[in-house]
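A quick write-up on the structure given underneath.
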Amino acid sequence: MYTLYILSLLCAFVTFSECKYPPGPIYPHRPIYPIQPVYPDHCPGVCYIACPNGNIHDRNGCPICRCRPDECTLPRKIGPCRASIPRYYFNFVTKRCELFFWGGCQPNKNNFETIYDCQGYCGYAERRYPYPYVKRTY
């Protein structure tokens, strides 16, 4: 518990300008335990609960990997209206952005106009690192 308290202090006082590395690729929420990445640009796929934004931090408390926003775990929502507007949603099961036809009203936050918006927000990283638990040796 003391470690989580120290991590929360680091998250509160270290600014991004002091950080060595930019944020890495986005991954879904994983079991919560602290872990240091093998490479600074590779996300190990876990989230600290000590930090309010759920980012993984390096030894200096700097963000190196952003966890997938909760919106990306929502199911697609067509809505009660009868329009047929092409939209994209992130399918949390297949780990891909997929096309669906939105009714035109009452969307949830997992509703994107383009596949690029969906991939940028919910993570295109699954194609590059489809198995975040597997340590690559090549």
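Using the three backbone atoms N, Cα and C, a Cβ is placed for every residue, glycine included.
Record features (Swiss-Prot):
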type	residues	note
DISULFID	C72-C122	disulfide bond
DISULFID	C81-C105	disulfide bond
DISULFID	C97-C118	disulfide bond
DOMAIN	72-122	domain 'BPTI/Kunitz inhibitor'
SIGNAL	1-19	signal peptide
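Counted within 10 Å of its Cβ, the other Cβ atoms near C105 (disulfide bond) come to 12, all protein chains included. Residues of the domain 'BPTI/Kunitz inhibitor' (72-122) grouped by DSSP class, helix first, strand second and coil last, total 10 helix, 15 strand, 26 coil.
Of all Cβ atoms in the shown protein chains, 22 besides its own fall within 10 Å of the Cβ of C72 (disulfide bond).
Around the Cβ of C122 (disulfide bond), a 10 Å sphere holds 26 further Cβ atoms from the protein chains shown. Other Cβ atoms within 10 Å of the Cβ of C118 (disulfide bond), summed over all protein chains shown, number 24.
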